[in-house]
């Protein structure tokens with residue numbers, strides 16, 4: 001047994017003596033100066049000190065017009081000041097200090113990303129079940145928006161594999177629903193950002209995000225097997241896709257299969273080439289030839305997708321004949337020029353639906369369902385992942401990212417695009433290219449516009465197997481197997497939500513899978529809230545009286561209080577000594593807690609056992625006092641426990657010999 005309680009982890013609330021709250025703490029008499037200080041404090045409440053140093057009457061004594069005018073002025077000051085403008089328009093922070101060196105680095109990064117996004121956009125449109133042109137339509141408008149509203153220099157907005165797959169599962173390949181989905185998701189994201197709901201991403205834990213990303217990667221990889229084999233195999237889930245693959249595998253085309261596998265191998269080899277270096281260590285001097293060779297390796301490895309598309313496009317053109325066509329499946333005709341700016345579709349005629357029934361705006365929104373929540377959440381998760389990967393410890397404003405992504409998607413919908421966000425593969429290219437500011441987006445967006453205006457006739461001969469290979473070579477590295485080992489070593493229970501999310505996303509539609517994963521996580525959180533850790537130890541007062549100190553480690557709220565009550569009663573009956581509840585870590589409580597605390601005090605009174613509360617916060621004391629004012633005993637300094645025991649004539653019971 002210890003002689004003194006651990007006083008180094010609690011605060012001594014000496015300021016409580018001068019508080020205006022009337023609490024009987026058995027404290028010494030206050031001096032006249034303390035009383036006069038309290039009186040002057042009470043009198044000072046008659047006037048309110050404003051920010052500009054003026055003393056004005058409280059709001060209750062002012063007219064409604066004055067209060068409305070004051071509220072309007074406060075809102076204007078909060079919204080229209082330099083800090084808020086710099087927060088909501090990040091371009092104002094970096095543009096005044098923009099230099100020519102930054103412009104060169106942004107130009108190189110923008111071109112590198114542009115050469116990556118064009119083939120990816122063509123491929124990701126296929127994941128969304130749309131013609132390849134819609135991938136390009138989704139790739140340029142958001143770039144220009146992000147220059148003004150984006151808070152992270154490494155995020156390149158455009159289509160992503162995960163969001164494209166979610167778009168397919170929601171819109172089922174309908175370009176009208178996909179464009180409307182882009183608008184609705186943009187509105188939801190913008191509203192979430194304006195209301196500061198970026199914190200919602202915190203409810204997606206690391207294991208859940210890893211399970212979701214791994215499952216999506218497998219689904220995307222599986223969905224592209226059909227293009228590699230040259231067959232048709234559509235499905236919403238992993239199981240459905242593979243069932244279709246095995247059902248139609250006898251129709252596979254050898255030329256597509258050979259081309260697809262060859263492209264995958266070439267892409268993986270070129271990916272390794274981007275990190276290959278010749279010569280001495282990086283911190284040692286290199287010859288000019290070595291520097292040129294290393295730079296050439298990096299350029300070829302970074303632009304591998306564009307190089308492969310160009311080579312295979314030329315091959316498709318050379319092997320194409322008017323009589324027999326190409327030996328493999330090709331993309332086909334793409335409408336030349338920029339998309340027409342128009343309002344997103346708000347209805348579908350009978351000829352535009354699969355079942356022949358027309359759909360109005362409400363019906364189309366209803367068909368989107370949970371996608372309106374899941375897609376914005378996943379879009380934010382992808383952008384935040386890029387920002388965190390290259391932020392080097394700098395804070396990330398999730399709400400501002402939502403505003404940027406939402407505004408970009410709203411503009412994209414008028415360009416006939418489907419939802420987009422940041423993509424980690426392009427973010428890595430951006431960072432490796434030495435990007436300095438979000439202005440690099442203007443160059444990648446311009447490259448997409450040039451491709452739409454002048455290069456679409458040449459995209460006709462791009463093999464579908466090549467686009468499938470680009471997707472497979474990209475998503476195969478998104479399967480996060482490496483996180484299993486550290487999770488297993490650190491906390492095995494975290495594998496449950498991760499594996500649960502992974503399995504649910506493979507078997508069910510993705511929006512259901514991610515919601516199940518979040519639900520499992522919430523259950524774990526609620527269980528921890530409902531089962532706080534309680535420690536106890538037998539201590540001695542200065543006069544040698546034994547008592548039991550019980551210390552909860554967190555707030556006491558309604559899911560946990562019955563458990564705490566039973567736990568305290570169980571150990572108190574076993575020890576049969578005065579009990580002290582150390583409330584130093586209890587920073588919050590609710591009405592249910594106060595009611596159960598009243599019942600706990602009654603339990604102790606019925607068996608004539610003493611119960612005290614130590615270091616209870618004043619706000620919580622006021623809450624408990626409403627339920628059990630007379631029986632609640634609180635103290636804040638150690639020596640007061642001796643006085644409380646003496647006042648109640650408590651004497652230590654001697655143990656039998």
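Quick reminder: no glycine exception, Cβ is built from N, Cα and C everywhere.
Lifted from TrEMBL, the feature list:
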- 106-496: domain 'SLC26A/SulP transporter' (DOMAIN)
- 543-633: domain 'STAS' (DOMAIN)
- 155-171: transmembrane segment (TRANSMEM)
- 178-201: transmembrane segment (TRANSMEM)
- 258-276: transmembrane segment (TRANSMEM)
- 296-319: transmembrane segment (TRANSMEM)
- 368-391: transmembrane segment (TRANSMEM)
- 442-461: transmembrane segment (TRANSMEM)
- 467-484: transmembrane segment (TRANSMEM)
- 496-527: transmembrane segment (TRANSMEM)
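Restricting the average to the domain 'SLC26A/SulP transporter' (106-496) gives a pLDDT of 87.
Within the chain carrying the transmembrane segment (296-319), a Cβ under 8 angstroms from the stretch's Cβ atoms is held by residues 112, 115-116, 118-120, 122, 259, 263, 266-267, 270-278, 326-328, 330, 429, 432-433, 458-459, 461-463, 466-467, 469-470, all 6 or more beyond its ends.
Helix, strand and coil counts from DSSP across the domain 'STAS' (543-633) read 39 helix, 17 strand, 35 coil. With pairs at least 6 apart in sequence, the transmembrane segment (442-461) and the transmembrane segment (496-527) have fewer than 3 Cβ pairs within the 8 Å limit; the two do not touch. Listed stretches 155-171, 178-201, 258-276, 442-461, 467-484 were compared with the transmembrane segment (368-391); the greatest number of C-beta pairs under 8 angstroms is found for 178-201. Residues 227-229, 297-298, 300-302, 304-305, 307-308, 312, 328, 432, 463, 465-466, 468-470, 472-473 of the same chain sit 6 or more residues outside the transmembrane segment (258-276) yet have a Cβ under 8 Å from a Cβ within it.
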